[in-house]
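Down below is the structure, laid out as C-alpha cells.
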Amino acid sequence: MPSRDLGSYNALISGFSLRRHTLPDAAAALASIPLPPSVVSFTSLLRGYVRHGLLNDAIRLFHQMPERNHISYTVMLGGFLDAGRVDEARRLFDEMPDKDVVARTAMLSGYCQAGRTAEARVLFDEMPKRNVVSWTAMVSGYAQNGKVNLARKLFEVMPDRNEVSWTAMLFGYIQAGQVEDAEDLFNAMPERGRPVAACNAMMVGFGQRGKVDAARAVFERMRERDDGTWSAMIKAYEQNEFLMEALSTFRDMSSRGIRPNYPSVISTLTVCSALAILNSGRELHAAMLRCSFDMDVFAVSALVTMYVKCGNLDKANRVFSMFEPKDVVMWNSMITGYAQHGLGEEALRVFYDMQFAGMAPDSITYIGVLTACSYTGKVEEGREIFNSLCTNSAIRPGAEHYSCMVDLLGRAGLVDEALDLIKNMPSEPDAIIWGALMGACRMHKNAEVAELAARKLLELEPESAGPYVLLSHIYTSTGRWEDASKLRKFISSRNLNKSPGCSWIEYDKRVHLFTSGDILTHPEHAIITKMLEKLDGLLMESGYSADGSFVLHDIDEEQKVHSLRYHSERQAVAYGLLKVPEGMPIRVMKNLRVCGDCHAAMKLIAKITSREIILRDANRFHHFKDGFCSCRDYW
C-alpha cells in the first residue's frame, strides 16, 4: 500500500484475529501502528482473544487499553460468560457505563447457562427495554433448566414471537420429556413459519416416544431439510429398532450429496453393529474418513464396536491400535470383543495393557473380562479378578458381575458353587443371575437346580417364557417327555410368548431374514431347500447324526430331523453357500442361542464345503472352520 492510515491497520488486526495461529501477528500489528491506536484497534485484538478462548490474554489486554467503549466492554463480558465465569462477568457488567439491551441479554443468558434462573429473572424484570431476543433468552433459560411451566407462562405473554421463540419453547418440552405438550405447541405453530430446527426437534421427540410414523410424517412434509433433519429421522428409526429403515435413510441422505453429521454417523454405526452387516459398516467407515470423524474418540469407539460385532476382529484391532488417546469405552470394546469371540487370552492381555497404560477399569470392563474368563473356562483367573473387584472400593460389584461369575462357575460344572454364590450375595439376585444359573443347568442337565431357578424367574418375570423353554429342553434331553408336555401346556395356559428363532445374512446390500421352520417366505426358497437337502446328504456321509433332544416336541425321529434341517441358522448358511463368493467367509447372525445340533452340523458343513462360517448368536461368536469351532465346544 502506498499509504496506510489507522483504518488500514485496524482492518489488518481484525483479519489476523480471525485465526488462532495468526493472533501473534495481530498483536504485532497493533504494536507497530505509527499513530496512536484507537479503541477499535484494541477491541479487534480483544475480540480475537475471546473468540479463541484465550481469556487471560484478553483480560491482560482489556486492562492495558487506554480507553474502552461499549463494544469492548460487551466483548469482554462475552469472554467471561463463555468461560462460565459468571461472577466476574457480573462485576464487569456492573462497571459498564452504558448497559444496552444486548449487554443485559448476554448477562441474562449467562445466568441461565449457569442454572441461576432466579438471578436471570431479576435482571430481566429490571430491564428498561426488552426486545424479542431478551424475551426468548428468558424463555429458553427456564426451558433449559427444566422449568417448562414458567417458560410457557412467559412465552404466553410475549409481545412478539419469532421462530427462535417457538423453537426454544418446543426444545424445552422435549428436553423435559413432555412430548404431548410439544406436539400441541408444534401444531399451533403456523406451518409455513415452522423453522427446520423446530421440525427436527419434534422428530426427535416423536422418536423418543416411539411415534415413528409421526416423525416420518413431519419429515415428509418438510420443504427444506438440513443434516439435522436426516439425523433426527435416522435416530428415530434406530432407537425404535427400525434398523433397515435407518440404514436406508442414511443411504438416501448420502445419495443426495448431504454430508453426514456426527449423530447420523453414530446412529448408523449402531445399526450396523446390531445387524452385524459388515459391508455397510465398511462403507460408513469410508464416509467417516471423508468427513474426518475418524479423529473423534467417541466415533472411533463406536467404529471399533461395529467391527467387533460384525465379527471382523482384525480390523477392530487395527483401528484400536492406531488411535490415541484411547478412552475407557474403546478399551472395553476390545475386551468385550475378544470375549465374545472366545479369545480369553487376548481379552486378558488387553485388560492388563489397559491397567498398565494407566486407564482405570470401569464396571463394563469387569463384565467384559469376566465374560472372557467364562467363555474360555478360566475359572481361577475369573475368581482372582472378581475378588479384586470386590476389594476395589471405587467399583461395587453389581448384578451383572455376579451373573458373570455364576455363568463362569456353572459352565465349568460347578453348579453348586454357583448356587452358593447366589445365596451369599449382599443383595437379592435378579432375573439375569437366575437366568445364568438356568443356562448352566441346561448345559449340565441339572433338572433339580433348574426347577429352583425357574421358580425364582417366575416370581421375577411372570410373563417370560424363556426359563420354561430352557427347562423344557432339559426335560426333553433327559427323556422326561411327560414333564416337558406338562410344561408346554403350562406355557400355553399363561399365554407366555417365546421369541421365534430367526437368522439373517447380508448379501448385495440387503439383509435376508430367515425364521425357523418357515422357509417359504423367502423368494428363493426353492434353491435354498435344494441346498439344505444336499447338505443333509453330505452330512450323513460324514457321519453326522441329528440330535433330537433339541426338538421340544415328542415326535418321531424323521420329523425331528426335518425340524432341525429348517432351523433359521441352517437356512441362512445354505443361502450364503449359494450367494457368497468362494474364499469369502459366510457371516450369519441369530437372535437366540444356537442349538447344539446346529452347532455340530456347522462344524461339518464348514469342513465339507471348505468354507469359513462366522455365526453370531445371542451370546457370542462361533467361527467354524475345517471341522472345528473357535469356542472349542465350550459354550
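Any Cβ shown, glycine's included, is placed from N, Cα and C.
Taking Cβ pairs closer than 8 Å, the repeat 'PPR' (38-68) reaches residues 6, 9-10, 13-14, 16-18, 20, 23, 26-27, 30, 75-76, 78-80, 82-83, 85 in its own chain, all 6 or more past its ends. Residues annotated as repeat 'PPR' in TrEMBL: 38-68 (among others).
The repeat 'PPR' annotation in TrEMBL covers 69-103 (among others). If you take every residue in the repeat 'PPR' (69-103) and average the pLDDT, you get 93.
Taken from TrEMBL, the feature repeat 'PPR' covers 131-161 (among others). If one looks beyond the repeat 'PPR' (131-161) by at least 6 residues along the same chain, the residues whose Cβ comes under 8 Å of a Cβ in the stretch are 101, 104-105, 108-109, 111-113, 115, 117, 120-121, 124, 168-169, 171-173, 175-176, 178, 181.
Nonlocal intrachain contacts for the repeat 'PPR' (162-196), taken as residues 6+ away from its ends with a CB within less than 8 angstroms of a stretch CB, comprise 132-133, 135-136, 139-140, 142-144, 146, 148, 151-152, 155, 202, 204-206, 208-209, 211, 214, 221-222, 224-226, 228-229. As annotated by TrEMBL, repeat 'PPR' applies to 162-196 (among others).
Positions annotated as repeat 'PPR' by TrEMBL: 226-260 (among others).
Annotated repeat 'PPR' per TrEMBL: 327-361 (among others), in sequence order. Tertiary neighbourhood of the repeat 'PPR' (327-361): same-chain residues 297-298, 300-301, 304-305, 307-309, 311, 313, 316-317, 320, 367-369, 371-373, 375-378, 381, 385, 394-395, 616, 619-623, 630-632, 634-635, selected by CB-CB distance under 8 Å and a gap of 6+ residues from either end.
Summarising the annotation, TrEMBL assigns domain 'DYW' to 543-635.
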Counting only residues at least 6 beyond its ends, the same-chain positions whose CB falls under 8 A of a CB in the repeat 'PPR' (69-103) are 39, 42-43, 46-47, 49-50, 53, 55, 58-59, 62, 109-111, 113-114, 116, 127, 129-131, 133-134
